[in-house]
Amino acid sequence: MELIKTPKVENVRMLDRYSKTPSQGTLYLTATHLIFVDPVAKKETWILHMHVAHLEKLPLTTTGSPLLIRTKTFLSVTFVVPKERDCHDVFVSLQQLSQPTSMQVLYCFSYTPPAEEIQRSVGWNFHDLQSEYQRMGLPNEQWCLSKINKDYELCDTYPRMIYVPTTASENTLLGSSKFRSKGRLPVLSYFYKNKASICRCSQPLSGFSARCLEDEKMLDHIRRTNPNATFMYVVDTRPKINAMANRAAGKGYENENFYENIKFHFLGIENIHVMRSSLAKIVESMYSYYV
């Protein structure tokens, strides 16, 4: 591959936070992976190019040129390459290989296993949604398969097959979808044999006072699928103050004056920006240099 200038470097030392002493071996660069082989410990470390999150050439030392790699799987390793030129070649190659310019060059499209091991078409059927529903005992008296989203026109982030209460009409589904952010109406995610269920949906477009009779009916239909329950929990992953603030933007959460027999439970998880920052701080506290 033209992007790989130096496919093999010997006498490379690998430093990580799990080992007190560095490993020494050979570094290989392939079209899909960076591979470090330690012949003494008989151990191989494989890093998929697409897992590389951070790549940095550290200042030259007396023992060689260090290359720091942090991955999206929270692995942090430093390879000390004897020659600075070899380190530079690996660094440049990894920069290009870990940042593909088109979807067609992704590893998943280039993986071609021997025919006798596995057929490429098998991957498309690895997870069969209909089989999962059947495993949970669906369809049944309470839940049925709806093809209203067969062309992804109702909600493009939902699968074509969705399970909804058998008592919910098509008009109820359409009305509920229009009242939910990005069309994500309440649909079944998990069903248990005691008739308890977990449904998923997005926030309603309720604002301060808007209501939707179809959406109210939809939640009531879901509640009635479990005859053992007198009320239904609405679990909101956001902090309540965030949900209240979203009402100013025409969104928010269900108004208990309009929805019967529901109880709210806010999990208090902050928004994606706060969570990403929190994760970055945790990861940063874990990482340390061994050079």
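Including glycine, each Cβ sits where the backbone N, Cα and C put it.
Over in TrEMBL, the protein carries these features:
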DOMAIN    123-291  domain 'Myotubularin phosphatase'
BINDING   ASN271, ILE272  substrate binding site
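A sphere of 10 angstroms centred on the C-beta of ASN271 (substrate binding site) encloses 10 other C-beta atoms. Taking the domain 'Myotubularin phosphatase' (123-291) as a whole, pLDDT averages 93 in the prediction.
A sphere of 10 angstroms centred on the C-beta of ILE272 (substrate binding site) encloses 8 other C-beta atoms.
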